[in-house]
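Data block below; observations after.
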Amino acid sequence: MEKPNPRRPSNSVLPYETPRLRDHYLLGKKLGQGQFGTTYLCTEKSSSANYACKSIPKRKLVCREDYEDVWREIQIMHHLSEHPNVVRIKGTYEDSVFVHIVMEVCEGGELFDRIVSKGCFSEREAAKLIKTILGVVEACHSLGVMHRDLKPENFLFDSPSDDAKLKATDFGLSVFYKPGQYLYDVVGSPYYVAPEVLKKCYGPEIDVWSAGVILYILLSGVPPFWAETESGIFRQILQGKIDFKSDPWPTISEGAKDLIYKMLDRSPKKRISAHEALCHPWIVDEHAAPDKPLDPAVLSRLKQFSQMNKIKKMALRVIAERLSEEEIGGLKELFKMIDTDNSGTITFEELKAGLKRVGSELMESEIKSLMDAADIDNSGTIDYGEFLAATLHINKMEREENLVVAFSYFDKDGSGYITIDELQQACTEFGLCDTPLDDMIKEIDLDNDGKIDFSEFTAMMKKGDGVGRSRTMRNNLNFNIAEAFGVEDTSSTAKSDDSPK
């Protein structure tokens, strides 16, 4: 990597000047799209070696805290880069538009996807995987780093080979901490968040909880705390009992269940540490975890759970933009009140000022979470459709006449079915590139005829999934946009196309 110049330009993320990325790398295909940036394959000109380049648009960094978050992520990646199961950072670059993080490329796919594609899976394999994950957690904690967003999507295999290494890849929510220090901001992903995070007072023990949730899912195909809504999920996390009675748990070893119990203890003080978990007999003794394949139903559930339903997300946006004045209530006026420059979009500063005007005392990090959750297309602003989708009551969204409107949007030729070509067209319109359409169809296509009819579409829309791949929670127990502005549900069944003029 080029030696950085220690002079820091104004309005920059990095505390030093850097060479131009394109002087040293050729950018290739897009590998993935995240909440804050896009990852590309890149090739180093001097060596022809391939790397991954995460490019973060600076327009999405709307406050000084965002700049500090990116710089902290880079520092933490350097801090952990010698660990064999952490993606190694190669270098950082910055120009007037982007911050680029060049790192080791992982071409073996996500944790759950690899398991599903293998077609069989055993307790012993689960023990090896969770040992790797706990090893990363132990390393983080020993170096004074709290991850705060452990989930399967943040673990990739470095190659497609059978002996590929599992590597932690995303440290965007990670922070440095001191022993005995507590944090208070609500971050993470719904299924994996620890109860003390929801109570807004927590320490590094939250990472062990998240790893325990991953282990439960590895062995059963479903999360331990489940509900139709995110607020329901959080209630289960705070109060629910762990289910070890349903299939496949009667066939799972007592050692596995004992470790999960200890990792999912609601008391952080009683919860097992990462080091103690690594010393648990189920992990240490290679014969304690049986090598026989788990029930195939586990893999089936795992596949369903690991796929975010993008069609549902698009459909909610379509419905939100077609509701009537009466059904929308005062939301149009609220949008116009927040959008002070009448640009048709809400920026972070406008959202913050709007919340202040209605007497909200949310912290800046919480407002940023609201912004991220509502920004469906990752543009860095909230347009009118996104605002409605974030603030309207779900009962309005699920009314049949609104579902008909949404279905018709996808069913371009009016055949009564959504085909893969029509889905491709919709994805293009929504800017969802490189989306596995076959998997999206199969997820909803109950009769396996290769297309989606209205009854299948309706079942999908009314099914609670709660799966979120964003770095923040869409609706948590403490706040969402609707609650922040005091928006209440009103009853109406009319519909029409409307937008603020």
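Positions of Cβ are set from backbone N, Cα and C atoms, glycine also.
Swiss-Prot assigns the feature region 'Autoinhibitory domain' to one of the listed ranges (41-71, 134-164, 289-319), namely 289-319. A sphere of 10 angstroms centred on the C-beta of T381 (Ca(2+) 2 binding site) encloses 21 other C-beta atoms. Here the domain 'EF-hand 2' (362-397) has a mean pLDDT of 72 out of 100. With a cut-off of 8 Å between CB atoms and residues at least 6 apart in sequence, the same chain places I444, D445, L446, D447 near E456 (Ca(2+) 4 binding site), listed in sequence order. Long-range C-beta contacts of S415 (Ca(2+) 3 binding site), restricted to its own chain and to partners at least six residues apart, with a cutoff below 8 Å, are absent. Using CA atoms as reference points, the binding-site residues D375, S379, T381, Y417, E422 were checked against D449 (Ca(2+) 4 binding site), and the closest is Y417.
Look at the domain 'EF-hand 3' (398-433): DSSP puts its residues at 21 helix, 2 strand, 13 coil.
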